Structure formats: structure tokens, C-alpha cells
Amino acid sequence: MTESDSADARLLTPADVRRLAAQLGIRPTKTLGQNFVIDPGTVRRIVRAAQVSPDDVVVEVGPGLGSLTLALLPHVRHVTAVEIDPRLAEALPGTVADHAPAYAHRLRVVTADALRITELPDPQPTALVANLPYNVAVPVVLHLLNLLPSLEHGLVMVQAEVAERLAARPGDRAYGAPSAKIAWYADVRRAGAIGRTVFWPVPNVDSGLVALRRRPAPPTKASREDVFAVVDAAFAQRRKTLRAALSSWAGSAAAAEAALRSAGVDPRSRGETLGIADFARIAEHRP
């Protein structure tokens, strides 16, 4: 994507962001994890990395003042923006009408907490592209992947440490419950690093891009809830062997060992060495 690609969508400059925030009486809050992107080059980069197509319907969580929304609209069929702050949600259509009038019809705004939504209006989203609030990034991604089976792919900007965890593989230092759970839904990879200076206010941490590609869940007789219960138990005491960590889940250490052996997993191993298919097998053998 080049400058000309967004010729009909005038992207927000740092001055635009501060002006809009002042007009709305917005002071970014840590409670909502608000850090607004002020660099047009960064939002172009996100759209490029997201590999969206003209057929994609994008769900964007936390559009804020509209920096990424404006960059997305010329390149996709539709954007459903989910915004928890009523002031920002109310202002976004006007910002799009001013900066990208040719694409204003492609936008729908839903005023809601993304963690609490139970449905979205049609057309159903095929892609998740968002600068996610740091404090809810992992729960939001997992909730939307579970809620919206239509989601085929996505790209999210999150805290660098969260990006590392989401993309970690079994055996990696950062591998944990989020890594295992997201693997139930998608293949995940790091897609780049983002510096602090592209945000206002400047955060205390760096950010990273994470790309997602939907894939089938592991073949298993166990439900997602049952598998995730094993994951949670395994990582609640990650320094312990699985025999010990899963003792409460199974009812006793002996029962945990029996379930692990039935699943073909060494009871002396730790959760950080297992993939999501391993956790699914263990769930199938719960006493």
C-alpha cells in the first residue's frame, strides 16, 4: 500500500488526533488501555500486514479516534468497529465522513465492551484487525475467535510481551496458557515490532504485531471448555510436574498420573512442553 492507495481517505496526523481528542474532551486513560496511534505510516503498515482483501469484512476492536479505521476502509468491503467509550463511538462516523466520505457507507459502529458482545450485525466478519487495549488483548482475541466462526484471519497490535506469548511454541520461554488456547483456533506468528513513539500518550512498553490464520480445532471428543480447563490447571502451577499440577483437576495425583499415561503423556513433564492436541488428549481421559 502506498500514499496513493489512501487518496480518498485522509489519514489522521498527530495534530488531528490531538485536536479530535480535545474536541471530545478525551484524555486517554490507562483503565481502558487507551493509546492512540498518531503515525499514518504505522496504520498503513498494519493494513498491509493484515493482508485484507476487497471481500473482507473486518471487525476492529477499540477504533478510538479512527486512525486505523480510516486506513482500513478503502481496502475492505466493510468495517464493524466495536468501541466501549460512548464518546468515541458517537464521534467515529463523523470523522470518517470528514476524512473518507467515499467509504463512509462501509462503516458500522457498535458501542459495546468487546468482551461482553454475544453477536455482531451482518455482514459477519472475516478478519480481525485491531490495535487492542493492552489490558484485555488476550481475552478479546480468544472471545472473538470463539464467538465468530466466520473469522478466517487477523492481525492485532498488542504489547510486545503479549505478542511473544501468543506466538510462542511449546518449549519456548514465553509459552503459556494464552499460547496453548489460541492454538485451538488458529496458527499464530509474529508479524513485526512497533516502537513506542507512534502512540499518544507514549506507553511504557513496546508493541508487536501478531498475525492469525484460522485452522480446525484438534480432533477430539473433549469440549473446548474441558480442554481449556486442563490448560489452566497445567499452567496455574507451571513449575510443577503435570502429575502434581493436575491433581486437583483429576481429583488426586494418582488419578492425574493415570489420565496422563492414558493420554500418552509423561506424568513428569510440564505443561510448557505440550501442544494443544496433547491437552485435548488429556481432557479425554479425565477420571
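For all residues, glycine too, the Cβ spot is worked out from N, Cα and C.
What Swiss-Prot says about this one:
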type	residues	note
BINDING	Asn35, Val37, Gly62, Glu83, Asp113, Asn131	S-adenosyl-L-methionine binding site
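Once the Cα atoms of Asn35, Val37, Gly62, Glu83, Asp113, Asn131, the listed binders of S-adenosyl-L-methionine, are compared pairwise, the greatest separation found is 20 Å. Look at Gly62 (S-adenosyl-L-methionine binding site): DSSP puts it in coil.
According to its DSSP assignment, Asn131 (S-adenosyl-L-methionine binding site) is in a strand.
Under 8 Å, Cβ to Cβ, and six or more positions away along its own chain, Asn35 (S-adenosyl-L-methionine binding site) finds Pro28, Asn131, Tyr134, Phe199, Trp200, Pro201, Val202, Pro203.
A C-beta separation below 8 Å, combined with a sequence spacing of at least six in one chain, links Asp113 (S-adenosyl-L-methionine binding site) to Ile84.
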